[in-house]
Amino acid sequence: MVTTSQEQGHDALTATSAVTGLPQKRFYRQRAHSNPIADHSFDYPARPEDVDWSALYPNIQPDQQVEFADIGCGYGGFLVTLGEMFPQKLSIGMEIRVKVSDYVVDRIAALRLKSGKLNGDAYKNIACIRTNAMKYLPNYFRKGQLEKMFFLYPDPHFKRAKHKWRIINQALLSEYAYVLRQGGLVYTMTDVEDLHQWIVSHMNQHPLYERISPEDESQDPITPKLYQSSEEGAKVVRNKGDHFLAIFRRI
């Protein structure tokens, strides 16, 4: 059985703020990005059936499954927003950086604790695992399992020689199409115009995706949250940077 960071435990909730009760990011600082090709050490399942989702979601029902995946979830701001917007859905954040994923795990634990003290049951529908989604996504999800996937402010890998490391490429798009159900959506957001053009070009070239219309984008209740729910998005807003949004439907 695969163990998770929740199972391994951050029960002590150290380095938390006395005011908010939430973990403080200054104790979890790490480089902005991580090399996805490097041989990191991960504990990953051989197949989706081997994942013990109940270790991540205390209230999961027998017929329930993860439907939303935030790939490269960073410090978990958008993941928390998903949990609040869709209390009946299970959302998973996947993050490659160990300290950052530890922070998200501790953040969720603290939010659950605060909610419990108020006789609430919030945030038990979100979780985070440390993994390399570029390598192990099909190990976690069955064919057609996901309803929504999010790629928000991914590493742009500016150097041409590193473009192959970008999380949107033709080979990976086929893997995403495998775990995404027909009619499911892929949300992409970046502040780098070159990366945005790369994403749109590769998604348009793939036969299993179509870009939704600007009207559909504006009517999606998630769209406004994409701009500053995540920590990276909020930083772009503070710096008065540009946002480039593109949403695609699995066909």
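Think of each number as a place in line: the chain as shown, counted from 1.
Backbone N, Cα and C define each Cβ position, glycine as well.
Per Swiss-Prot, the feature S-adenosyl-L-methionine binding site maps to Gly72, Glu95, Ile96, Asn132, Ala133, Leu152, Ser230, Glu231, Glu232; the stated evidence is sequence analysis. Taking a C-beta cut-off of under 8 angstroms and a sequence separation of 6 or more, Ala133 (S-adenosyl-L-methionine binding site) has the following same-chain neighbours: Ala69, Ile71, Gly72, Met94, Ile96, Ile167.
For Asp155, the entry in Swiss-Prot reads active site.
Once the Cα atoms of Gly72, Glu95, Ile96, Asn132, Ala133, Leu152, Ser230, Glu231, Glu232, the listed binders of S-adenosyl-L-methionine, are compared pairwise, the greatest separation found is 20 Å. The two recorded residues, Asp155 (active site) and Ser230 (S-adenosyl-L-methionine binding site), have Cα atoms 14 Å apart.
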